[in-house]
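Worksheet for the structure shown next.
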Amino acid sequence: MMLKLVIIGGGSSYTPEIIEGMIDRHDQFPVTEIALVDIEKGKQKLDVISRLAKRMVKKSGKDITITASLDRRNALKNADFVTSQIRVGGLKAREKDERIPLSYGALGQETNGAGGIFKALRTIPVLLEVSKDMAELCPNAWLINFTNPAGMVTEALLKYGSHKRVIGVCNIPFNMRTGVAEILGCQTEDVEIEFIGLNHFVFGRRVLVKGVDYTSIVIERLKDPSNQYSPANIVSEGWSSTFLSSFMMLPNPYHSYYFKGAEMLEKSLKEYWENGTRAEVVQQVEEELFKKYDDKELTEKPTELEKRGGAFYSDAACNVMTSIYTNKGDIQTVNVQNNGTISDLPNDAVIETNAVMGGEGPRPISIGTLPLSIRGIIQLMKNMEELVIEAAVKGDRERLYQALVINPLVREETLAKDLMEELLDAHKEDLPQFYQQV
Ligand code: G6P
């Protein structure tokens with residue numbers, strides 16, 4: 001039987017992770033073809049990755065065919081699963097998202113603040129095209145999206161896309177689970193975290209280990225700043241005892257940008273003066289990685305990939321695909337449409353939540369109302385995301401301006417206008433929806 005996976009953005013430096021994930025799970029998820037797809041600009045990287053993928057598969061002895069192509073529509077034919085990991089405008093565009101806000105003294109970050117908003121504006125229209133192609137060419141395939149900002153992109157696809165079999169994934173919930181397992185000295189499989197909220201704005205409300213409530217023990221241990229679960233791109237010094245005892249929830253590493261803003265800004269500026277933006281650091285890491293990937297002797301994923309913040313994202317993606325394929329019915333954390341899971345948010349909002357994962361896709365586990373302590377900020381963040389999505393789809397400057405004004409990392413009306421104009425201009429090439437002739 002054929003089982004085809006298409007990777008959109010196959011030339012990404014993260015691809016060896018997915019290949020490894022597919023090899024490791026081959027007994028349960030016997031993929032027969034992995035089709036790597038990229039755009040003309042990414043051809044060189046795609047070639048390097050496809051050669052490495054072929055060497056990895058050969059070494060594993062698994063019966064998987066690797067193909068590489070620039071023809072997305074052709075590759076999508078007969079796909080069973082599609083993953084998306086694209087970066088519209090490349091790392092150069094990310095550099096602008098990070099540098100321009102910082103130059104105004106505002107936090108600039110790949111998925112947060114003004115930078116994250118502009119990444120969404122560039123990305124959403126491109127993925128809506130992929131969605132259109134999928135509806136036509138592989139209507140039964142599942143799209144597993146980890147293209148950032150994953151929550152907003154997934155919501156845009158589910159609201160405006162032609163293809164509705166879409167699930168968003170992120171490595172943060174996965175990292176938090178493995179981090180908590182380390183803190184408690186137990187196995188990741190035994191840890192369950194009840195996640196509530198939005199992508200990169202998710203909280204862990206309860207920690208269970210083999211069904212026993214460990215929430216207060218984990219909260220207590222998090223007071224020691226050496227107990228962490230931050231990815232490589234976020235340097236966190238931990239949380240105060242007052243904060244942890246009061247909220248009694250596990251924050252995710254991205255909450256530092258919102259609740260430790262002054263400290264994060266100071267750190268980001270220092271980092272920027274010393275090493276440049278994170279995008280520049282990542283470009284260097286990528287250069288080293290691709291040199292390694294091009295080595296004919298290399299037949300496995302090099303450990304250096306762990307210097308990237310998104311490391312282990314593919315575990316989340318591969319687990320989702322395997323559970324759908326095998327109708328496993330286990331619990332996974334995914335980005336899906338709310339549909340009443342959280343009663344304080346709109347039905348069509350995408351939330352990051354635990355879901356039972358089976359053959360028909362995710363079935364979210366009901367949460368009820370949000371805790372009073374975080375209800376408002378989650379509603380605000382979702383409201384901001386809804387404005388961004390509308391702006392991205394319609395090329396609507398009013399919606400964009402409103403999103404920037406209410407974003408907690410901007411929150412100043414004149415700053416919002418200045419950032420909007422400078423970023424729109426800087427990304428002109430990748431934002432055709434804002435420059436169409438009427
Ligand atoms: C985190 C996030 C990812 C993001 C990554 C950036 O782990 O969850 O969504 O892509 O960091 O990492 P980078 O190495 O590109 O800064």
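Cβ atoms are placed via backbone N, Cα and C, with glycine included.
Listed features, source TrEMBL:
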- Arg94, Asn148: substrate binding site (BINDING)
- Cys170, His200: Mn(2+) binding site (BINDING)
- 195-410: domain 'Glycosyl hydrolase family 4 C-terminal' (DOMAIN)
- Glu110: site 'Increases basicity of active site Tyr' (SITE)
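Within its own chain, Asn148 (substrate binding site) has Glu110, Thr111, Gly116, Lys119, Thr123 as residues 6 or more apart in sequence whose C-beta sits under 8 angstroms from its own. Here Arg94 (substrate binding site) is positioned 19 angstrom away from Cys170 (Mn(2+) binding site), judged by their C-alpha atoms.
Cβ neighbours of Arg94 (substrate binding site) (same chain, under 8 Å, six or more residues apart in sequence): Arg87, Glu110, Gly115, Lys119, Thr277, Arg278, Ala279, Val282. On its own chain, His200 (Mn(2+) binding site) has Thr111, Asn112, Pro149, Ala150, Gly151, Cys170, Ile172, Asn252, Tyr254 as residues at least 6 apart in sequence with a Cβ closer than 8 Å to its own Cβ. Of all Cβ atoms in the protein chains displayed, 27 besides its own lie within 10 Å of the Cβ of Cys170 (Mn(2+) binding site).
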